[in-house]
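Working notes for the structure below.
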Amino acid sequence: MSFQCYFGATTIQTLKLAAIPAASSRFIFKPSSETLALNLFSRHNNVSCPSRTPFKLLVRALSATAVQAAPITESLDNKVVKPQWKAAIDFKWIRDNKDAVALNIKNRNSHANLELVVDLYEKMLAVQKEVERLRGERNAVANKMKGKLEPSERQKLIEEGKNLKEGLATLEEDLVKLTDELQLEAQSIPNMTHPHVPIGGEDSSTVRTMEGTPLKFGFPVKDHLQLGKELDLFDFDAAAEVSGSKFYYLKNEAVMLEMALVNWTLSEVMKKGFTPLTTPELVRSSVVEKCGFQPRGDNTQVYSIEGSDQCLIGTAEIPVGGIHMDAILAESLLPLKYVAFSHCFRTEAGAAGSATRGLYRVHQFSKVEMFVLCRPQESEAYHEELIKIEEDLFSALGLHYKTLDMASGDLGAPAYRKFDVEAWMPGLGRYGEISSASNCTDYQSRRLGIRYRPSEPTSAPPKKGKGSLAPTQFVHTLNATACAVPRMIVCLLENYQQEDGSVIIPEPLRAFMGGLELITPKST
């Protein structure tokens, strides 16, 4: 049930959980425009392959762009939903590499219906062929009508043309419905997976690096909730009354700490050539979908706005991803590297228990996000650059952490490969995720319609009016969390606590906190 509040003449839009059609959640992509060697028969797949030769998949980009389609409509006879937008999907590639795509769907625990996609594609091709045949016959009849004919012969051709027109109209309608259904089904297929990604669930993820060791304390360790209460740093009770559970007020030095973390992180990342942004925090639901962030039944993480097509963002990745939507970029502009500050909103549906208490899992938080658009052949190198930036930031703050290469079953639909960083939180007595870095290759750009034109002219014969311009290609996109503020506050309070109840401010942040070196208990 929803409601609207009125203050004077102002209407406040009502929040509700997003209800974007689940069928349009994903689509297939190819990692680059070059030949990709996927070791499909690695030790992770439990498939016997005596030769151990990597299966070669020819990867080629579509020439079509992701285009905006009509709003959702529904046919009354066979309930075919028309997609709101269309991803540039290479259906032929899916069919020709069916075994590899099927294995990838299995490894990622996806519910995509590959058999239906291939069946719809074959049916679409058959109808398309018949449409072309009838169009040819109709044109032939039209050409005959131009000559001198006997009245009886002309009447015969008129009848034949009428029948062809009616048959063609029916087939063209069937073709539109088949194309729409194929589009929706194919968009549920997840990204392909990097050959080095561990196969399995989250427990199969492997440790890439380990920085430092857990701190040893000579006194009973407090968690951030107790520290925050004693140091008067936040108020969950008042926030629960005002906004509900999993909201909070930051107070006193915690406010300064948030600002310091954001400003220090921005300054450090900007040194690496990233352009700073602040972003809209309301975006169109179609942009949320195109970036691969989809509601998942009752566990949706997306807040939508009642009576509009807008959603609150869960990460700045979404508005930054949309900044070049439907654009053709000059190759000389690449890479485009952004670092964006925003507030983020997540429903955290299903999250409960002591492991998520306090600031660890909340509905609203501040975050600094990195985002890169680059040429396909460069995305793996930029993925390594992003995780290195994250690790350098956390090392500079003196945190003990480990970096994980996340397993296939834990990858979201857009990610080709994902590295997570988990830091030691002594008060909680466990590692907690503080950031991730994902290479989404051309999964998002095929949806968002972001392409670039290579500067080198093509050797192929030019198309009419195109000169010697090279054909456009889809960019690759990457994202990485530079600083998720609440979890960083958890780490800093718990790792830098002292026996007298004070908390040391890490040296890199002190200049951003007016020189403050220590948070001390308030005198009563």
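The first residue you see is number 1, and the count goes up from there.
Even glycines carry a Cβ here, placed using N, Cα and C.
Here's what TrEMBL has on this protein:
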type	residues	note
COILED	117-188	coiled coil
DOMAIN	223-506	domain 'Aminoacyl-transfer RNA synthetases class-II family profile'
BINDING	Thr315, Arg346, Glu369, Asn479	L-serine binding site
BINDING	Arg346, Thr347, Glu348, Val362, His363, Gln364, Phe365, Glu433, Ile434, Ser435, Ser436	ATP binding site
SITE	Thr481	site 'Important for serine binding'
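Everything TrEMBL records as a feature, shown here on the structure.
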{"residue": "Thr315", "record": "L-serine binding site", "CB count, 10 Å": "23"}
{"residue": "Arg346", "record": "L-serine binding site", "CB count, 10 Å": "20"}
{"residue": "Glu348", "record": "ATP binding site", "CB count, 10 Å": "16"}
{"residue": "His363", "record": "ATP binding site", "CB count, 10 Å": "19"}
{"residue": "Phe365", "record": "ATP binding site", "CB count, 10 Å": "20"}
{"residue": "Glu369", "record": "L-serine binding site", "CB count, 10 Å": "27"}
{"residue": "Ile434", "record": "ATP binding site", "CB count, 10 Å": "23"}
{"residue": "Ser436", "record": "ATP binding site", "CB count, 10 Å": "22"}
{"residue": "Asn479", "record": "L-serine binding site", "CB count, 10 Å": "27"}
{"residue": "Thr481", "record": "site 'Important for serine binding'", "CB count, 10 Å": "25"}
Determine, using Cα-Cα distances only, which of these recorded positions is closest to Arg346 (L-serine binding site): His363, Phe365, Ser436, Thr481.
His363
Compare all C-alpha positions of Thr315, Arg346, Glu369, Asn479, the record's L-serine binders, and send over the largest distance in angstrom.
18
Can you tell me the CA-to-CA distance separating Glu369 (L-serine binding site) and Ser436 (ATP binding site), as a whole number of Å?
10
For the recorded L-serine site, whose residues are Thr315, Arg346, Glu369, Asn479, find every other residue on that chain with a C-beta no more than 8 angstroms from the centre of their C-beta atoms, and list them by sequence position.
Ile313, Gly314, Ala316, Glu317, Ile318, Cys344, Lys367, Thr481
When the Cα of Ile434 (ATP binding site) is compared with the Cα of each of the recorded positions Thr315, Asn479, Thr481, which one is closest?
Thr481
So the record assigns Arg346, Thr347, Glu348, Val362, His363, Gln364, Phe365, Glu433, Ile434, Ser435, Ser436 to ATP. If I measure every Cα pair among those residues, what is the longest distance in angstrom, as a whole number?
19
At the level of the C-alpha atoms, what whole-angstrom distance separates Ser436 (ATP binding site) and Thr481 (site 'Important for serine binding')?
6
Determine the mean pLDDT over the coiled coil (117-188), rounding to the nearest whole number.
87
Distance [Cα-Cα, Å, rounded] between His363 (ATP binding site) and Thr315 (L-serine binding site):
12
